[in-house]
Amino acid sequence: MEGPRSSTHVPLVLPLLVLLLLAPARQAAAQRCPQACICDNSRRHVACRYQNLTEVPDAIPELTQRLDLQGNLLKVIPAAAFQGVPHLTHLDLRHCEVELVAEGAFRGLGRLLLLNLASNHLRELPQEALDGLGSLRRLELEGNALEELRPGTFGALGALATLNLAHNALVYLPAMAFQGLLRVRWLRLSHNALSVLAPEALAGLPALRRLSLHHNELQALPGPVLSQARGLARLELGHNPLTYAGEEDGLALPGLRELLLDGGALQALGPRAFAHCPRLHTLDLRGNQLDTLPPLQGPGQLRRLRLQGNPLWCGCQARPLLEWLARARVRSDGACQGPRRLRGEALDALRPWDLRCPGDAAQEEEELEERAVAGPRAPPRGPPRGPGEERAVAPCPRACVCVPESRHSSCEGCGLQAVPRGFPSDTQLLDLRRNHFPSVPRAAFPGLGHLVSLHLQHCGIAELEAGALAGLGRLIYLYLSDNQLAGLSAAALEGAPRLGYLYLERNRFLQVPGAALRALPSLFSLHLQDNAVDRLAPGDLGRTRALRWVYLSGNRITEVSLGALGPARELEKLHLDRNQLREVPTGALEGLPALLELQLSGNPLRALRDGAFQPVGRSLQHLFLNSSGLEQICPGAFSGLGPGLQSLHLQKNQLRALPALPSLSQLELIDLSSNPFHCDCQLLPLHRWLTGLNLRVGATCATPPNARGQRVKAAAAVFEDCPGWAARKAKRTPASRPSARRTPIKGRQCGADKVGKEKGRL
């Protein structure tokens, strides 16, 4: 009896021995953690943020589910880069300077739900870069430099629900671009340069409910393309240069509830423009050029019509609109621009009989005169009604391609020596880039009164003659980048009063063409990067009161004079990076109450004085000071900057010390990496402040030797012998109080008094 009993126990004992032998190895694998990371094994989270890592760490615990690598220097994601962490569900690779994702980079991550590749430098995605992500629900590619999408790129993402491609450089959507995305509900394509959508671009998206296409260059409503997404409930098309929408545009979306067409260039709307959108509930037309609107036929469930910011004329012709609004119970929020007796009146507060239909010729003449004083308005563009009328299509110039459906014409790279003529009269986008026109003559674009976007890049243009843009009253985008222009006259730009975006990068400008800008009252965005401008003087920005964005990166600017930016009181973005500024132009920032983003990186600043950003303290949200040779930051340098500041970039400087910045309480990002911090008692206030931040900032000790490589935030042992260490839980010392001696840089002093004396100079 004993023999059989012992033999049955042998198979049970061996597996137990194997498990006992493997247990230490498993425990070690679970407890390992890369030196540059923080591992929370209880929650299976690993964070390696802002550590200047150039490759994915290979000692990450195998059972990790959330891996945060944001803010490193990975540049390339190689094949099978994450094969050692197959349990990942969330992977964050934002701000990693990624330029290439190799084929098969994410193979083995079959459980991944979120992949964040936003804010990198990707120009393309290889065909199989996203293979192996069969469970992925959300893919973030916002803020890259993607120029094209290849069909099949997303074919392996059958579970994806949200795809974010906003803020890239897409100009064209090919057919079947999103093939395989059977469960995508939200597709974000906003803030690109999309002007053409292939007929089958949105095919194969049966679950799509929300499509974001705002802030692109669509100049005609691509109805047939959009209508492929039959399940759309919300469509965002705002801030596109659309001038007209009608039934002939072919928009048919039976489930559409919200349609946003705000901030465009709409001058007319056909009564049946949305006749095939029967469930439309909200229509947003704010900020267009509509002076009148017909009763809309078809969308019987419409309840909200947003019309703010349109020059509505509440004369007799608006009575049908008011009657329809009352009958259909549609709420509207527009206001009358005229006639004078109704100016400013809310449309919703008027009754049809408030709009007079004059019975005598004198009264009618008075109204016509008043409307003329209010300003000429282009006649509304409607559908063609027969041959020989305004929209009759002219022959296309030889060697060019004219597409009637999109109203686009292109002669790109045709070797032309002069601007051709004979384009269709309803052309809205004209692409003449990569030809050779030494000059653009007077009236070079006759009969193109509907033109919205004109591309003249890489044409060797050295001169725009007076009147070159004559007749282009609807032009909004003018691309003159990569030419030989050294100057621009006001006479050259006359005829394009609605021009909003002017691109002059990589020309030969020695100064900002201020006189020319005076001819552009609607200028919104000025691009003058990579020229040879050496200073900004008063008058350089003309009378550009509508100006919001100014890009002057990569010039030779050494001085920004007091008042140089004054006319642009609504300025939101100012890019002065990669210039020769030796000081922050504090005085020149006076009078910019709306400034949100200031780029000063790549200037030889060396030091920041007290109150350097005081004039824009209340509005500024993003401040870039990286790669500026900074060696000293005075205690009050950031005074005035408060809770509004969201990001502060100080990486790649020469900072050995930095005051604490407790007033910056709402920071979402602060980058202090690649600075040689000296971790002695002088740095104690910074250490204390950083320990209270739930952010990875990248600050590491360079000296003394016993602290080298330690994170300033975590190097408690370095500061234990400092005076006041025992009182670390007491109320913190304000940043402006000098808590330690500082060695000032020769010729540089902290103090607002000196700033005040020289604040207008650089």
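Heads up, the Cβ atoms here are built off N, Cα and C, so glycines get one too.
Lifted from Swiss-Prot, the feature list:
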COMPBIAS  728-745  compositional bias 'Basic residues'
DOMAIN    310-359  domain 'LRRCT 1'
DOMAIN    675-724  domain 'LRRCT 2'
CARBOHYD  Asn52  N-linked glycosylation site
CARBOHYD  Asn626  N-linked glycosylation site
REPEAT    87-108  repeat 'LRR 1'
REPEAT    111-132  repeat 'LRR 2'
REPEAT    135-156  repeat 'LRR 3'
REPEAT    159-180  repeat 'LRR 4'
REPEAT    183-204  repeat 'LRR 5'
REPEAT    207-228  repeat 'LRR 6'
REPEAT    255-276  repeat 'LRR 8'
REPEAT    279-300  repeat 'LRR 9'
REPEAT    426-447  repeat 'LRR 10'
REPEAT    450-471  repeat 'LRR 11'
REPEAT    522-543  repeat 'LRR 14'
REPEAT    594-615  repeat 'LRR 17'
SIGNAL    1-30  signal peptide
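Just so you know, of the glycosylation sites Asn52, Asn626, the Cβ with the fewest other Cβ atoms around it within 10 Å is the one at Asn52.
Separating the Cα atoms of Asn626 (N-linked glycosylation site) and Asn52 (N-linked glycosylation site) is a whole-number distance of 15 Å. Across the repeat 'LRR 10' (426-447), the DSSP tally of helix, strand and coil residues reads 0 helix, 5 strand, 17 coil.
Confidence in the repeat 'LRR 17' (594-615), given as mean pLDDT, stands at 93.
Helix first, then strand, then coil: DSSP counts for the repeat 'LRR 8' (255-276) stand at 0 helix, 6 strand, 16 coil. Remote same-chain partners of the repeat 'LRR 14' (522-543), defined as residues 6 or more beyond its termini with a Cβ less than 8 Å from a stretch Cβ, comprise 481, 497-512, 514-516, 549-568, 575, 580, 588.
Note on the domain 'LRRCT 2' (675-724): DSSP counts are 18 helix, 7 strand, 25 coil.
Secondary structure of the repeat 'LRR 11' (450-471) per DSSP (helix as H, G, I; strand as E, B; remaining residues coil): 0 helix, 5 strand, 17 coil.
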